[in-house]
């Protein structure tokens, strides 16, 4: 009896100690879960990172101001003296414009803001659009008196100057015409937008300070050389060619005859 109980106890003990072997289906599922779970997590992280990167790049690439309506809706610039909607001004040019126009405001009280727009779609008249900017930024005539706007349209290769009565009178019609006819069109046609804005700023600032105003740029005269001959040149060339040909023919005929005559006369 004791022997039988001892055998049963040993059997129970062995059964408890022996590990239970999982079924083949459970093993496969467990292996699949362990092998794919890290990959899935990595893919999810990669997708999240990619989406975040695209959003970040999109936010960097998107301009803060998208068009003429946004320029009109923009609050009156106070921190800077430019609104580069066309995104054509370099970092150094923006800093230079800020520095010069800030100094101009301190010395004279005149405040100028340079605005660049790629193109006008709803208001084709550049001067009208410049006036609208002034009206939106400075609705009070007293506030607008010594304010001005330099507008450059990059696609249209044109621009305008607008401002309050005091500003426009101080600048004068001659300089206003020169800037809009010379500086802006010449430099925008050459796609020198930085030089366009800085040159206009320099000329207006000099006039408002009472300093000598820099001269307007001049168009470079392109000398085109003809690659064809005129009718007179062609006729002259024909005459010369005919004379040469006739002379050669005469020589070719007369010289042999003279030689023959000389031989026969000697005999």
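Quick reminder: no glycine exception, Cβ is built from N, Cα and C everywhere.
The model shown is predicted, which means the values in this text are computed figures rather than measured ones.
Per TrEMBL, these features apply:
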{"type": "DOMAIN", "residues": "83-206", "note": "domain 'TPM'"}
{"type": "TRANSMEM", "residues": "239-261", "note": "transmembrane segment"}
Segment-level pLDDT (mean, integer) for the domain 'TPM' (83-206):
96
What are the helix, strand and coil residue counts for the domain 'TPM' (83-206) according to DSSP?
72 helix, 22 strand, 30 coil
